[in-house]
Amino acid sequence: MDQNLQVVGTESQLEMGTLAQNGSPLEFEEQSLFSPESGTQKMQPGHISEYGSARGGFQPGVSKMWRNVVYKSIKTVIFSNKLNVLIPFGPLAILVRILTGHNGMVFLLSLLGIIPLAERLGYATEQLALYTGPTIGGLLNATFGNATELIIAIYALRHGMIRVVQLSLLGSILSNMLLVLGCAFFCGGLVFYRKEQVFNKATATVNSGLLLMAVMGLLFPAVLHYTHTEVHYGKSELALSRFSSCIMLGVYAAYLFFQLKTQKDPYIPLSEEGSLNGENDIDDDETPEISKWESVFWLSIMTAWISILSEYLVDAIEGTSHTWNIPISFIGVILLPIVGNAAEHAGAIMFAMKDKLDISLGVAIGSSTQISMFGIPFCVVIGWIMGQPMDLNFKLFETATLFITVIVVAFFLQEGSSNYFKGLMLILCYVIVAASFFVHEDPPPEGKP
């Protein structure tokens, strides 16, 4: 045993001597910088005087590492997306509001400034969902997927602009169902024009059923109001809306449980879409681009910045309507949803052009389902807490538009296939809806001339 130790010690001395002969002492020291021996040597007084204190010697490295992490995070989140060139319009909107107070310019600049923030909010949510798994990830997407619309709605609700809340949420549903889904069908059909793209009919049927239930929840308070059959005039309608909203929230919670726990199929295409289409799964695996805490940090930053700009946006709506001579209904139903649906629009088209129509359908129709079964009832409950009489009576014209839209989209989805002509028809249907709201004047509240 002692002989073996002596042999090992002799070999180590020979190796040290060989290294010292082949290279300079400085080269040897650099090569053994992170070795235990070198770490021990640097704690000796002679080496401390050369490199400074042991603690101080590591500070530049740690500082440089943090600078690299921050630089990489900013580069990935801010500079990797061309849409982010619109971010400076947000501070510019605040500056214009302070200096001039021109409502039209403030509204336009706020609208442009929120668009990239909404897209980056969706990106940060998706990155965080990669760390949490499908269950928590699904809840995150349900919560933050339409966060922009909900933030704008809550600010408008706080200012007592109940009609703007109703119109913006209705417009988000119409935009997702007609414009976003139509563009996805159209672009996907042009890329794969030689074949018919297919999707899961069962998932589409469930979402269509939820949308029809949402229409039912909006229809009965409107019918109750316009037939003048309320037991307590002015109170029964609001009570029915709040009761129906609680039921719809419960149904949406059950839907999430059914989708995440009971039925696994809706989530299988997200990870196995390649195998379903005969492609390689490995190429479609998603890896996080930023860390979990970076995702949380950017999620907080984007949410706070959207909240600030939303307040300026909401304050400028009425002034913009008078300045531009545009009906508030058109602003709420057509212009505001452009902000919240920027991420959904881009994502649905991208997946459709990759022949992943199940994901495109989940983005477009799933977002509509979230707004109709969660967003609208949630705003009714929040209004109840705030003391605002937010109800489900969206007026006759708006409720009829939603009802016809749901029927048309359900008819388009019943075959489980799509092509560019179906997409074109959906887009043109949205054009008709937009033109209808451009010439539609919202009736004044009862009791006002």
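Placement of Cβ uses the backbone N, Cα and C atoms for every residue, glycine included.
Given the structure is predicted, the values throughout are model-derived calculations rather than measurements.
Database features, via TrEMBL:
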DOMAIN    105-260  domain 'Sodium/calcium exchanger membrane region'
DOMAIN    296-437  domain 'Sodium/calcium exchanger membrane region'
TRANSMEM  83-99  transmembrane segment
TRANSMEM  105-123  transmembrane segment
TRANSMEM  135-157  transmembrane segment
TRANSMEM  169-193  transmembrane segment
TRANSMEM  205-227  transmembrane segment
TRANSMEM  239-258  transmembrane segment
TRANSMEM  296-314  transmembrane segment
TRANSMEM  326-351  transmembrane segment
TRANSMEM  363-386  transmembrane segment
TRANSMEM  392-413  transmembrane segment
TRANSMEM  420-439  transmembrane segment
Query raised in the report: Residues sitting near the transmembrane segment (392-413): Cβ under 8 Å, six or more positions beyond its termini, same chain?
Result: 166-167, 170, 173-174, 177-178, 181, 201, 204-205, 208, 211-212, 215, 217-222, 224-226, 237, 240-241, 244-245, 329, 333, 361, 365, 376, 380, 422, 425-426, 429, 433, 436, 440, 442-443
Report summary line: In DSSP terms, the domain 'Sodium/calcium exchanger membrane region' (296-437) comprises 119 helix, 2 strand, 21 coil
Report summary line: Sequence-distant contacts of the transmembrane segment (420-439), meaning Cβ under 8 Å and at least 6 residues beyond its ends, amount to 174-175, 177-179, 181-190, 193, 326-327, 329-330, 333-334, 401, 405, 408-409, 412
Query raised in the report: Sequence-remote contacts (6 or more beyond its ends) of the transmembrane segment (83-99), Cβ cut-off under 8 Å?
Result: 105-106, 109-110, 112-117, 119-120, 305, 308-309, 312, 316, 342, 346
